[in-house]
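In what follows, a single structure is set out as structure tokens and then discussed.
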């Protein structure tokens, strides 16, 4: 735990610095509008009062941290979960398509990786395209996938999940190809001396060797699939979800709502990555891995 | 049977051809003509149906003879693509009327192409230039077949234009709307992406150097940077649009934020990559912090920095295009995509996507080429 204590002080102080800077910028950015308001109302304030007012505007340019925190708290804990203003409800909508897309993406990634490792033709012909597929700004296709699928009557969870699938299969494929190829020649030779069949080599050597790679790439994939789900909610004017909250906030200039939706998205992302990390550690321990 | 070496792809392709021949009519007009010989119907593949199927069977048979691999590949390549070309050009004017034999023949041609790729990837040529060419040809055939199957299926089955236009229509659309696409590329890529990419990566790099100089900063920034890279940063797009207005500066701001953290994390990791021995050597030369940084640690960090630059090249395009969904002047790739989807001009959307894909690949390719030139000493470059 020594490293943890080593990090704790610097991380907290930098976070504190960010919060202080945030307050300063909030005052600076909100000041022009507040001055404008005061001039129209023919009011004059002392400096302290003026700063207090800049930090409590209803639609500030940059909301102060405490405004975001209050909004986040209200929309998370004080509203009934079924209300469509509740962040829990919106986060759940996004989370469900994230998880569906992540599951598809991971399965697809593993299947492609197994194919690439075992079929030389696929390795030579498919691998370059998989890498090329990620240089394409695929999120740009998101609106079209959703509108086109809606035209043939597929709506709701599946189109959003498809975007998440596309974004999350790539890290899994690359990680799994690396992982399935990670056993050394020595180990493969040993399996050979045991007269192991190809499937035995696969299940008893390659798969266990690839598990750490799988979980590392799944951490990247789950974050990517959350981004996919959020962007998938933008173009259709979806009624619920974190992306829909962002869009509604942008339309009505509800900057505090945007920020608290962002915070909600970040919390979900952090939780997802953490869950995958814990699952990885549990699997590692169940397989007899020792802490390095 | 010494003169024969069967392959399952060729055998299956020949079987499919025979089934196609047995099933008869390739398209609905032809079926109508067969049912009523007296009436004269115009139907596709008049007179070339048997030669086409014969060509596929012949290519499959020749490929199984004991000939050299190169000859086999050439025969398969010519056979598969000639059949595919005849199939696609023949259906013109009769879209949406194809029957089962059409698709069987398409599958047969595809199997021949697969066999061709399999033969090619089995080749182990000595000359370096030939190896290089093979590395390009094999994925190129694969990519071409995605387009061929796409074209043949959308036209043969008559898939509605709104769902999925054939690649030829997309190509025609690109050719006919070059000025619009050019203006969009200028707005999105040359203004927002390049500026944001340079500033964001540059800032990430400078902060990484500062963090390297001050260990306190490094210990604090690294965990935060790692965490931020998992966050959906794209969500700041509406805020940036609110702050910087509808034009390109708001998109550049999103790109800056998206590219900053990958650069920071990778550069800090890269600066730790040089070995103790080398650093000790620099110490014995009485080299200070900056000479060591410039002559040893930055070159050692170059692979990491270029990795970040490659990641950022994709992120920058995504950031700029998605930010345009939140509001733009009436030009830009993201704007065009979202409005043309609304007007159901799906071919224009695909044209824009093709341009974005091309731009993304070129961007990535340029960074990769610079990387090869700069890190020529690295094992991964020397080996290839």
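Cβ coordinates come from backbone N, Cα and C, glycine included.
Just so you know, TrEMBL annotations never went through curation; they're auto-generated.
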Per TrEMBL, the range holding transmembrane segment, considering A:44-66, A:136-158: A:136-158
Two-stretch contact, the transmembrane segment (A:258-283) and the transmembrane segment (A:87-116), at least three Cβ pairs under 8 Å: yes
Close approaches to the transmembrane segment (A:220-252) from elsewhere in its chain (Cβ under 8 angstroms; 6 or more beyond its ends): 84, 87, 89-91, 93-95, 97-98, 101-102, 105-106, 109, 139, 142-143, 145-147, 150, 159-161, 163-172, 175, 258, 261-262, 264-265, 268-269, 272-273, 276
For the transmembrane segment (A:87-116), sequence-distant contacts whose Cβ falls under 8 Å of one of its Cβ atoms, 6 or more beyond its ends: 72, 75-76, 79, 81, 122-123, 126-127, 130, 157-158, 160-173, 175-177, 179-180, 214, 217-218, 221-222, 225-226, 228-230, 232-233, 240-245, 260-261, 264-265, 267-268, 272
